[in-house]
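Asks: One structure follows; several queries about it will come next.
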Amino acid sequence: MTKEKIVLAYSGGLDTSVAVKWLQDKYNYDVIAVALDVGEGKDLDFVKKKALDVGAIKSYVIDAKNLFAEEYVLPALQANLLYEGKYPLISALSRPLISKILVDIAEEEGAVAVAHGCTGKGNDQVRFDVSFTALNPNLKIVAPVREWAMSREEEIEYAKSHGIPIPINLDSPYSIDQNLWGRSNECGILEDPWAEAPKDAYDLTIDPVDAPEDPEVIQITFKKGKPVSIDGKEMPLDELILQLNTIAGKHGVGRIDHVENRLVGIKSREIYEAPAATTLIAAHQELEALTLPREVAEFKPTIEQKLAQTVYYGLWYSPLTEALQSFIEKTQEHVSGTVKVKLYKGHAQVIGRESENSLYDFDLATYNKADAFDHDAALGFIKLWGLPTQVHSAVNGPQGKKSIEKVDLEVKEAVKP
């Protein structure tokens, strides 16, 4: 009798390696393993072989860096997405892509189910499950780590008894996830929000204290909100991001220490490193300040905040996310130009910006003799602008009486000696 197939998101680590055998034992599935490289630098050949060695009937490995950068990271950059004002959604952006590829392969292979290696405590289980359901509600979802209720020690014993290799870094106290948009780290000493993260918690960035004494100035060029070159050298977006991770990381840029509100209702202390994301978002925001009309610039952060929340909550494939992204995409039509950024000891400071679509008019802004601003027009504008306040005060009395009591002031007459 032919076994049913399940497609597993496979990382090559202990959890998903054990999951291959567990899915065979528990559900009698034929397991198809799928591993993606979204910029963490996986040895895809090694991962492919390991999946087959631990029992998968087929192993897919996919270099998805460019797809991830273009279809998931770029919309996030154009929206300046920062969950709770700090987290650039590193892991949250990769989950919908992984989900999409797993569903595509499941449909191609005639599989009846998909699986992931998430625990029952984090956000990723929600992101995967909701994405799977949105993309194909007929697929069964299995989460081995969430179901098997094994302790770490029991999991290791299970692996040993089934001939599954134990990773050499298993003793690391940290739980790490990485892609080209950054690196997230939790667990161990990091669970104490009072404790400073030790040096070994970081990998992409140098300690700002130890960063070079001389700043480095780079120029980033954007076309319609998309970064296309660094210092005049054009390159694909995924390569640009990875290169900028190296450039900004050596100056200690992009360290984020954040206590965030997880979707599942708990608070979690996370250490993020996002050198490229931090630099690009700062540059992109400044270019928008130069090119967006005032009303758009004032309203866009409202959309950004909601979009960051929907992505964090695992709602990438929702009508709301699609609608919000449509607004963001429209705002990027004229966000083209070059931004000059100084990288120095943990900071990415924008020190210059230029654009053919700039709404900055020097002749209107200057205070020198070239001033073209119509100062006389200001009088009429001020009168009309303040008219509602004037009418309200005439009807209800001056607002000042309601907030500040009249006080006796000692007045000294100024007498010319």
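Even glycines carry a Cβ here, placed using N, Cα and C.
According to Swiss-Prot, the record shows the following:
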BINDING   Ala9, Tyr10, Ser11, Gly12, Gly13, Leu14, Asp15, Thr16, Ser17, Gly117  ATP binding site
BINDING   Tyr87, Asn123, Arg127, Ser175, Ser184, Glu260, Tyr272  L-citrulline binding site
BINDING   Thr119, Asn123, Asp124  L-aspartate binding site
Asks: Quick check on the binding-site residues Ser11, Ser17, Thr119, Ser184: which one has the highest count of other Cβ atoms within 10 Å of its Cβ?
Replies: Ser17
Asks: Consider each pair of residues in Tyr87, Asn123, Arg127, Ser175, Ser184, Glu260, Tyr272, all listed by the record as binding L-citrulline, and report the largest Cα separation in Å as a whole number.
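Replies: If we measure all Cα pairs in Tyr87, Asn123, Arg127, Ser175, Ser184, Glu260, Tyr272, the largest is 19 Å.
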Asks: Write out the long-range same-chain contacts of Glu260 (L-citrulline binding site), meaning residues 6 or more apart in sequence whose Cβ is under 8 Å from its Cβ.
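Replies: Tyr83, Glu84, Lys86, Tyr87, Lys267, Ser268, Glu270 - these are the non-local Cβ neighbours of Glu260 (L-citrulline binding site), listed in sequence order.
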Asks: So if I measure Cβ to Cβ from Ser175 (L-citrulline binding site) and keep only same-chain residues at least 6 apart in sequence, which ones fall under 8 Å?
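Replies: Ser175 (L-citrulline binding site) has long-range Cβ partners Asn185, Glu186, Cys187.
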Asks: Would you kindly give the Cα-Cα distance separating Thr119 (L-aspartate binding site) and Asp15 (ATP binding site), rounded to the nearest Å?
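Replies: On Cα coordinates alone, these residues lie 10 Å apart.
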Asks: Taking the Cβ of Asp15 (ATP binding site) as the centre, how many other Cβ atoms fall within a 10 Å radius?
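Replies: Other Cβ atoms within 10 Å of Asp15 (ATP binding site): 20.
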Asks: Pop the Cα-Cα gap between Asn123 (L-citrulline binding site) and Ser11 (ATP binding site) into the table, whole Å please.
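Replies: Per the Cα atoms, Ser11 (ATP binding site) and Asn123 (L-citrulline binding site) stand 17 Å apart.
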Asks: If the ATP site is taken as the center of the Cβ atoms of Ala9, Tyr10, Ser11, Gly12, Gly13, Leu14, Asp15, Thr16, Ser17, Gly117, which further residues of that chain fall within 8 Å of it by their Cβ?
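Replies: Filtered neighbour residues, in order: Val18, Ala19.
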Asks: Mind checking which of Tyr87, Tyr272 has the fewest other CB atoms within 10 A of its CB? They're the binding-site residues.
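Replies: Tyr87, out of the binding-site residues Tyr87, Tyr272, has the fewest neighbouring Cβ atoms within 10 Å.
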Asks: Spatially speaking, which of the binding-site residues Ala9, Gly13, Ser17, Thr119, Asp124 is closest to Tyr272 (L-citrulline binding site)? Use C-alpha to C-alpha, please.
Replies: Asp124
Asks: Under 8 Å Cβ-Cβ from Ala9 (ATP binding site), six or more apart in the same chain: what's there?
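Replies: Expected: Thr16, Val34, Ile98, Leu102, Val114, Ala115, His116, Gly117, Phe128.
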Asks: Taking Cα atoms as reference points, rank the binding-site residues Thr119, Asn123, Asp124, Arg127 by distance from Ser17 (ATP binding site) and give the first.
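Replies: For Ser17 (ATP binding site), the closest Cα among Thr119, Asn123, Asp124, Arg127 is found at Thr119.
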Asks: What's the CA-CA gap between Ser184 (L-citrulline binding site) and Asp124 (L-aspartate binding site) in angstrom, rounded?
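Replies: Checking the Cα atoms of Ser184 (L-citrulline binding site) and Asp124 (L-aspartate binding site) gives a distance of 13 Å.
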